[in-house]
Amino acid sequence: MKKHSRIFDKVIYFLNILLAFVLGIALVVPYVPVTLMSALSTISLLVPILVCIHVLFVFFWFLRKRKRKSLLSVLILIAWYVVLGSFYRFPSSTEIENTDTFSIMSFNSRRFNEHRQLDIENVDSLILNFIDQKKPDILCFQECYYELKRDDNTALDQYPHKYIDYVYGKPAKRVIQAIYSKYPILNKDSILFPASSNSAVYADILYKRDTVRVYNVHLQSFSIIPEINAIKKQKSSKLLGRLRKVMLKQHEQANLIEESMTGMDYKTIVVGDFNNTQYSNIYRTIKGDLQDTFLERGKGFGRSYNLLGFPIRIDYILTDPTFEVISHQNFDEKLSDHYPIMATLRLKSDE
């Protein structure tokens, strides 16, 4: 019996070493351009899962009364926390006065359930009702629907200014992004991504006396969840090659957004679906010196998507340091494969 127990422990410890090595690679991924290690960059998607596995390893070795073997996971967890930071946020005990602020919401609506992926009636109306309840001052949709039903719903009437990169009622050949604003839009344009149906749009919004450029971003999708059964049948080499291509596209798209922001004098907010975690070089490229509203004022896992049942954060609101982050909210409304997020901001110059 003891012999079997020793063999079992050796197998588990081998897995422990292997996964510690994988998480160790993940510590380097955000700091290395995707072009140099595109295949390994996909590990960034798994960091939250890997961290949880190593926490379980620690408990396992303590229960087995083999504490020394837990040191490997303890050390790699410490390295993860120091180098990359946590994906879980505890609620802030500091309250900030919520006055003279504005709110911005980002939501990948999955074309308002056009293809009925959710077995729910009138999802478009439910989404508009949700918007009407939360009343964000600036609203950004990714994967908008080209033929959104309005009927008697007046939720979008509160936004006199908007930029939607399509002609109403005309099927688009790419994924549609939309920006709705209660404040005047002075200028607007799109950033088309080469060989992709994805894109980014931006609007220069007049807020008080300042011009704020709001980017609404939708980076290349891995599209792995709808096809999970097909993926199980693929060879691992084919799947890895597919993921590698997506990472390279995301890298190219992130660089285009970074180039657009470089040298710009406007105050900047970037929102959207990055289709990657905070531990990726993709996120790091776009974020630069911007603040992540979740890391500033969020709580919990910040879930905006479920990856194989695990809550991950791939949707973001990033702001430059001239904004004070008053609050960040993640909502649980199941109206898409993504969950809406919203931040409340204040210009520091207003204080």
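Each Cβ is built from the backbone N, Cα and C atoms, and glycine gets one as well.
From a predicted model like this one, the values you see are computed outputs, not experimental measurements.
What TrEMBL annotates here:
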DOMAIN    122-338  domain 'Endonuclease/exonuclease/phosphatase'
TRANSMEM  12-33  transmembrane segment
TRANSMEM  39-63  transmembrane segment
TRANSMEM  70-88  transmembrane segment
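Within the same chain, residues 12, 16, 19-20, 22-23, 25-26, 29-30, 32, 69-70, 72-74, 76-77, 80, 84, 87, 222, 240, 243-244, 247, 276-277, 279-282, 301, 307, 310-312 sit at least 6 positions outside the transmembrane segment (39-63) and bring their C-beta atoms closer than 8 Å to a C-beta of that stretch. Along the domain 'Endonuclease/exonuclease/phosphatase' (122-338), the predicted structure has mean pLDDT 87.
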